[in-house]
């Protein structure tokens, strides 16, 4: 009995459906395998990223702990500074009468001095012994005894007319000038001191003009008076020069010290103009006044350093000056050293790429231009390993078309001969094709560099 045409057609349809179903199942299985391979590659990349980010997280945590510790230390040092300020008499007493307000022109410099004096308590002290307070107290007593007849700005009272001099003597008798307290950081050796002299011409009926003349840094122990301190002959029109010295000490700890003129000193009263015949004693007292002023400036400005330390600093500075050939070369060296200390990621990649080029010179099918397509056929890996182990395999027998074989050979030889772990799988390189991930290739090449350079 022959089958009907409908039965034959149904049988043909079932066979076609079976073939389609088998092909579809094969495609689904291949897709699942590709997805699993991709998932494994992603997991490995994530694990590598976490491994690389681990030291960074630990470093950030350590920096946070250091920041908290430094904040606590800064608070503790601030409290110590406040206690030292109260102990040495830096802060004015509550019952101290404030000086009466002066004119607008004459009150400009005291306001600046007060601002500097209020900001000088921001310095930091470290490693101070309790005996410093006693030394400061004794030093203040000696200064108070020696400077009883000298004003704070370094001027001695002139023998002027009767009305002007009587007012100055009365104000100084009622409230004697207090010596300026010396900062504790001045006792520390080898700290550069810069003295800045502000000279303001006042009491002449015109707008005051202030000039700043910075003196050279007093490091060794010598002091050169600024041109503003030169002794000028007496002139009929009396002018009063008020100088405020600002010492800027660069400390080794957390800040800088700025000591200004005390605001609690009595204001100066200038005698009115008088004919030249009434001022002959001032001409004889001008040299002594200039000498005393320079001695006062030298005693308040220079750091206390021993002779050996001063000679050592002088010789070191002289050797540095003679060693350098010029300012341009010194600046160029400094610029190169600063730029070399902070290397970027691109420069590291370029250095590693140049090293790989130097090791693979003369090898066929190797042209290293980047960390992606130049390594896609595996020949670069094989050439790099073969340059260190030429007897391990025959490089000339390799072909760029056999990518999987090249990857397997290079990774296996590097793992067996150089003990370099296989950070990249052959399947991953095959899946990524002609443009593999630059970070994966760079990471593995960096590992090869760390292991192969031992055999150089």
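Including glycine, each Cβ sits where the backbone N, Cα and C put it.
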Could you check which of 99-119, 120-140, 330-350, 351-371 is flagged in Swiss-Prot as region 'Disordered'?
120-140
Name the residue range among 6-42, 43-79, 154-190 that Swiss-Prot annotates as region 'Disordered'.
154-190
Across the domain 'Calponin-homology (CH)' (346-453), what are the DSSP residue counts per state (helix, strand, coil)?
68 helix, 0 strand, 40 coil
